[in-house]
Amino acid sequence: MDTFKRWLNKPKADDKSLLARFFHADRSLTAVASELDSFDGRAEPDRCTRLVSRLRQNQDKVLAITNLIMEELLGEDRDPRAFRAKFPEEVLQENLAGQLWFGAECLAAGSSIMNRETESKEMRPLAQAVTKSLGNVRVLLRDQCLKNNVPNSKTLHLDLNDSTTEQLYESLKIFDRLFAEFELSYVSAMVQVKSRHEYEMQQWIGVLFSETLQRALKIGLLDQEMVDAFDPGLMFSIPRLAIVAGLVVYAKGPLNMDMPGDQLSEMFRPFRTILIKIRDLLRNLNNQELYQLEKLLCTNEDINTKVPLGSSSIEAPSPEHSSHPTTSSSQNNNNSSNNNHSSSSTNTTSTTTTTAGTTNTHRTVERLVDQRNNNHNSNSNSSTNPTVEAATLRSPSMLSLSATSTPTASPAPSPTPSHSIASTSSAATSSTNPPADWSDGDDEDEDDDDIDVDEEDIESSDDGTDEEQLLKDIVSADCASGYLIPNTNLGNLLQPQEVPLTDNFVASEDDEYGTAEQQGHQGLEEDEPSTSAAMLAATRTLQRLRLPSSDNEPLAEPTTIKASEEHMQQPSGRHRDSHSHRHHQRHHHHHHHRHPHQHQHRQPHPHRTTRSGRKRCSLEAADPERIQPDREQNLASGDTSAASSLSDDVSLAMRNTTARLKFKSTENLLHRLFVCIAGVADQLQTNFASDLRQILRSVFLMNMSTAQEEIDIPEKTKESELFEFRASENDVIQESAGSNQSIYSAEEVNPELDNVFSAGGGNQATGQRHSAGASMQRNNTIDLASQPGEGSPSGATTATSRSHVTRSRSLGDQEAASSATSSTAQLRQLEQQQQQQQLQIQLQRQRNNSVGSNTPSSASSTSSSSEQNSPVSARSGSRRRLQSNNETQMPSSATSTSATLSPPAWIPDGKAPRCMACQTPFTAFRRRHHCRNCGGVFCGVCSNASAPLPKYGLTKAVRVCRDCYVREVRSGMGVQGVQSVQSVQASAS
């Protein structure tokens, strides 16, 4: 009996209820699956492929109907799917559910996703649970289809007291939860799904892009018109400028290269190494050079900078970036010495270059020290040196390079009476080491050859001075590298037990003269550097390195610095392999054939033990033992944090300065930066196109100017500009086939043939069309002759009032003026009735007028006054009256045509994805059509009717939908009957 009931309740094929649709879809899916299992797919691959395609289509249909059933039964109890916001746009497709089901069955059967073996193994238990739960749901739904189906019901009619209904409810909840978990896992394994941190970083990048655009608009790099017009060039300019701004201007933003790599956005994470190099080079640019680089990134114009490298101070802009490029005026003038002691080096240009470089290092550190002192002494006046004032306004990492640092500079006088000096590369190399290793960082085995390109050619010579003169020159200056350690006094600097601080820039006298055997080998063939080029500057710096709290402490009197005597008697077989200057090391490398035994016993840091005993800065005081505790106390003080801070700044200064020295000119540097920055930005366009489009779309919407609706009063146009060209339907179909744009109706093809352009009387059109942009203005003029008073003579000129009805029709906006209200329609109907009565009275008066009357009729009121007064007017009076009689035979039609309403606004194409009548989706071949009566969007089948619309001034047949056609035809028949009766009455009168 139960089987008979099931057979009786079996859904029919034309049943549209949810359960019936599921029953037939599931039955079709089962048939395809059975056929697919009935043969070997490898033997018949074509048939297998065809059946698999049908299988996936049926799976999509079954899951879609199941989803509708869950929406109705579960409602708010459905598992949330907010994670879909993380999915890319291309993933969210209509057949996503079918793909997930197919993937779950493949994983449950033991297959693995290609190149995702680990993820496949983790998802396999979940996939098996999904397929099992879905099979249970299908069985329960089929049972409900045979028991509780109501044919053609829009809702489900289940028995709530039945246990199977409750079981179905719980099974649907379990399946919904499992399917949501599998969807997240499967899509995350196939495509990259952003985390919460990544979304936050992407929002910060959007803010950076917006701030960059506003800054570019402020300094004149871009125009607001480009933003409003969505200029495609901005898609390339904004990311390039954002890289510069994120590295220099907003250095603590999302492009902060100091943060760990895993915290950077995935967009810039692959370019972290090159971005760090770009940042180091950008910090060497001044405001003018930075502006030229940004302009180059926007316009791709040639670089106008022809000045050599270092002609202006090189500084990175502070976060308060100047809105206009200004030439930096922080030129360092060295006024400490007037002596011109020309060195007798064989390479004068190289010597001068290295002299300037070392001097610049001292100047840089002086500025940093002055800044530190100014920060500690808030009540003290700022330094009188303009260079120091400029440095205090900037970040400590924003340093300056003097104008004399160009490799092509001419020989300049030495600022101090000094001998040939060491290269700045030693200081630059030591800057890459920790602050504690400033004195020994030059003895590493690895050499940065690409930085020190021409260092092998730098040699120095001695000017022949004796030992006493050398000692006089280096009094209190042989510890010159001590200025790298801030917040210290001479007691700290002269610590003999600590690592000596004289390796970076200055060589001691034992390096100059060495032992007797070393002098025998090198006496006349090698000249070694003896002193630094900025010893006096270092002496002044030492005075500023003391803490404010230590100013009252008794300062030990500096005396001459001499080497220890016991280390002057070193064995001859032990070479000075701890020399601080790299070019000196390379000098030994060039003479390696003379001393093959000297580099065999090289220690990792041998000078830590040898130089501390062989050479130290000693203080000739009365009681050295009494000063020792003071020095240890000072070293144990809490000044190490400030010392490391300033050491880091100096290290950054050395690295940036040396990096810039690789480039021959500013033009070369800017060109290299342009290539690197443009390369990174263009890679973003390729690798992260979707994210970049989304960010740029938000930036454009945030920064575009507010739209101001300007009402343009059209001027009188020429006859050739009266009409705009509009493409016909054939032109639109032939030229833009495949697009989803609307097809223009037949009325728009030849609008000049419409009667809406003719006036109420006369055979000449008085209405004019004015086009402004994409809109068209139609001015329809109605002449209303006021009824003269009873006492007025018959020949008196009647007063004419004009009522202008303007109708705006737009091709681009597809929006027109709002429809007239019902009160306005009633008022116009009364005006039409009054006008008909006036025309009848006027016709009667024209019949009573004499032939020679000069009073023109209302129909010929458009003629000029010269025509009325001419002799021809008398002879043509009868002809004019005949024309007026013919024109007044249909007064109602003329007035009804001219008194038109505004057409309804068209619904935009983007807001109508389906036909508003049959709900069929539009495609490239199923085009959109607008009804001219209601403004709705319909397909070609639902809008294949055409009818005239006199109320809108459209007397020719235009496209309308079926509903409007039935309504307009019925109303049109009634209006035409009334108009015919009125015309007959007018002709009879």
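Just so you know, the numbers here start at 1 and follow the chain as drawn.
Using N, Cα and C of the backbone, Cβ positions are placed for all residues, glycine too.
Feature annotation from Swiss-Prot assigns region 'Disordered' to 308-466, 544-647, 754-905. The feature compositional bias 'Low complexity' is assigned by Swiss-Prot to 324-362, 374-385, 395-409, 417-436, 635-647, 816-874, 891-904. Residues or ranges marked as compositional bias 'Acidic residues' by Swiss-Prot: 439-466. What Swiss-Prot lists as phosphoserine is Ser549, Ser550, Ser810, and the listing cites similarity to another entry. Annotated compositional bias 'Basic residues' per Swiss-Prot: 576-616, in sequence order. What Swiss-Prot lists as compositional bias 'Basic and acidic residues' is 623-633. Positions annotated as compositional bias 'Polar residues' by Swiss-Prot: 765-784, 794-811. As annotated by Swiss-Prot, zinc finger applies to 909-969, with the evidence given as sequence analysis. Per Swiss-Prot, the feature Zn(2+) 2 binding site maps to Cys931, Cys934, Cys961, Cys964.
In the predicted model, the zinc finger (909-969) shows an average pLDDT of 87.
Other than the site residues Cys931, Cys934, Cys961, Cys964, same-chain residues with C-beta atoms no more than 8 angstroms from the centre of those residues' C-beta atoms, the Zn(2+) 2 site, are Arg932, Asn933, Gly935, Gly936, Phe938, Ser943, Val960, Arg962, Asp963, Tyr965.
Cβ neighbour count for Cys964 (Zn(2+) 2 binding site): 21 (other Cβ atoms within 10 Å of its Cβ, all protein chains included). Spatially close to Cys934 (Zn(2+) 2 binding site) yet at least six residues away along the chain are Pro904, Val960, Cys961, Asp963, Cys964, judged by Cβ distances under 8 angstroms.
DSSP classifies Cys964 (Zn(2+) 2 binding site) as helix under the three-state reduction. Sequence-distant neighbours of Cys931 (Zn(2+) 2 binding site) (same chain, 6+ residues apart, CB-CB distance under 8 A): Val937, Phe938, Ser943, Arg959, Val960, Cys961, Cys964. If you draw a 10 Å sphere around the CB of Cys961 (Zn(2+) 2 binding site), it holds 26 other CB atoms from the protein chains shown.
Across the zinc finger (909-969), DSSP classifies residues as 14 helix, 19 strand, 28 coil.
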